[in-house]
Every structure is written in structure tokens, then in C-alpha cells.
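Let me begin by presenting the structure, written as C-alpha cells, before commenting on it.
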Amino acid sequence: MFHKELLKLYFICGTTTCQGKNLYTVVEEALKGGITLFQFREKGEGALEGLEKLELAIQIKELCKKYNVPFIVNDDIDLAMEIDADGVHVGQDDIGVDEIRKLMPDKIIGLSIRNEEEFQQSKVEYVDYVGVGPVFGTQSKDDAGGTIGYEGLELMRKLLPQMPLVAIGGIQTKHIKDIIKTNMDGVSIISAISYAKNIEKTVREMSEQ
């Protein structure tokens with residue numbers, strides 16, 4: 001069952017976006033700090049594939065379960081179904097959300113939308129939440145596209161007044177208060193958590209914003 005409070009502090013990570021640290025340990029520290037949702041995003045140069053990816057996904061899914069935090073898979077619908085993940089998150093160029101809803105009727109489905117043009121072509125009636133961004137410049141995602149700033153967040157809230165919305169892209173602790181003022185339901189973060197020296201403490205500080 002999805003509710004918008006899950007978006008409050010949404011951590012996204014994979015082995016290629018945690019500076020060579022052990023991903024399991026990184027996620028465990030973030031869970032201890034109080035993340036509300038986790039997305040396994042195994043992409044980019046050197047990303048795990050096949051059995052290695054599957055085994056790690058299962059381990060982290062079980063870890064998230066221990067903390068009652070839903071486990072979302074980025075893009076890989078087959079993996080999400082195979083390991084019975086709590087949901088999937090897809091971009092504009094991935095499989096259509098209407099198709100995913102047929103395959104995963106009871107799961108959480110998230111969709112990335114950057115601007116009004118993408119909004120017009122999106123079947124938002126099939127999704128549980130929308131990821132809006134990139135708000136700021138980001139090193140974590142090489143496919144992120146142009147930044148939208150706070151204005152872009154405000155526009156998306158006007159276009160989707162009732163939809164649970166989470167901001168993404170280059171977000172640091174200092175930005176969170178201003179992002180929430182744009183009526184976002186939460187923030188999704190990659191490197192500001194995974195690169196932190198003390199992940200648990202950083203996450204705690206973020207959740208207090």
C-alpha cells in the first residue's frame with residue numbers, strides 16, 4: 001500500500017554510485033538513519049549484471065524489509081518481478097507504465113517527469129508517484145538532462161495537484177527546506193547520502209529538515 005509519506009526521504013543507490021563502498025553497508029547505515037524508501041539503481045560503467053545483480057538485489061531487499069522500508073527497482077521490470085520487489089521506478093524512455101501496471105497490479109510504480117512536455121505524454125493515471133527533476137546539476141546520473149530548479153517543481157505541482165511528488169537531482173541537506181516549500185512530498189537523494197563520511201548522521205540531519 002503506497003502513501004505519500006514514503007517519499008519523505010527516498011534514497012537511490014547502486015554499486016556505481018557509492019564511491020566503491022560496500023552497497024549493503026551503505027544502505028544499512030541509511031536505513032538506520034531513517035530513509036523512508038529505497039531504490040536499487042544498478043546502472044553505468046562497471047554495474048553488476050546477471051546473477052551478481054540478482055543476488056545483491058535479494059540481499060538488499062531483505063535488509064529493507066527488516067526496517068519496514070519498501071524496496072524499489074529502477075527500470076529492470078524482470079528483476080523486480082523475479083524477486084517480488086515492492087515496486088519499480090521508470091523513466092520516459094522505458095516500458096510504458098500502463099504495461100507495467102498490467103504486470104504488477106499491486107506494486108508501487110514511480111515515473112520520472114521533467115517538464116510540461118513530458119507530463120503531456122505521460123500516463124500518470126497508472127502511477128503511484130512522480131519523480132520531478134533534475135532540480136540541480138548532478139554527477140550521479142549521466143542521463144539526467146537540463147535542470148528545472150524550484151520553478152520546475154512548482155510547475156509540476158500545478159500540473160499534478162493531487163499526485164505524490166518527489167524532487168530529485170543534485171539535492172543537498174541545505175536545499176530540503178526550500179524544496180518542501182514548493183509542495184513536494186519529499187526528496188530523493190543519491191550522492192549526498194552515499195558519499196557522506198557518516199551516512200547515518202547525514203540521513204538523520206536530512207530527515208530533521
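Numbering starts at 1 and runs along the chain as displayed.
In case you wondered, yes, glycine gets a Cβ from its N, Cα and C as well.
As the structure is a computational prediction, the values presented were derived from the model and not from experiment.
Feature annotation from Swiss-Prot assigns 4-amino-2-methyl-5-(diphosphooxymethyl)pyrimidine binding site to Gln39, Phe40, Arg41, Glu42, Lys43, Asn74, Ser112, Lys141; the stated evidence is sequence analysis. Per Swiss-Prot, Mg(2+) binding site is recorded for Asp75, Asp94, and the stated evidence type is sequence analysis.
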Item to complete: Just name the most isolated of the binding-site residues Arg41, Lys43, going by other Cβ atoms within 10 Å of its Cβ.
Response: Lys43
Worksheet item: Distance between Asn74 (4-amino-2-methyl-5-(diphosphooxymethyl)pyrimidine binding site) and Asp94 (Mg(2+) binding site) at the Cα atoms, whole Å?
Response: 10
Worksheet item: Measuring Cα to Cα, how many angstrom lie between Arg41 (4-amino-2-methyl-5-(diphosphooxymethyl)pyrimidine binding site) and Asp94 (Mg(2+) binding site)?
Response: 14
Discussion item. Within 10 Å of its Cβ, which one of these binding-site residues (Gln39, Asn74) has the largest number of other Cβ atoms?
Written reply: Gln39
Worksheet item: What Cα-Cα separation, expressed in whole Å, is found between Glu42 (4-amino-2-methyl-5-(diphosphooxymethyl)pyrimidine binding site) and Asp75 (Mg(2+) binding site)?
Response: 9
Worksheet item: Using Cα coordinates, what distance in whole Å links Gln39 (4-amino-2-methyl-5-(diphosphooxymethyl)pyrimidine binding site) and Asp94 (Mg(2+) binding site)?
Response: 16
Discussion item. Can you tell me whether DSSP puts Arg41 (4-amino-2-methyl-5-(diphosphooxymethyl)pyrimidine binding site) in helix, strand or coil?
Written reply: coil
Discussion item. What are the sequence-distant neighbours of Ser112 (4-amino-2-methyl-5-(diphosphooxymethyl)pyrimidine binding site), meaning same chain, six or more residues apart, C-beta distance under 8 angstroms?
Written reply: His89, Val90, Gly91, Gln92, Val130, Gly131, Val132, Gly133, Ile168
Worksheet entry | Phe40 (4-amino-2-methyl-5-(diphosphooxymethyl)pyrimidine binding site) and Asp75 (Mg(2+) binding site), distance between Cα atoms, whole Å | 9
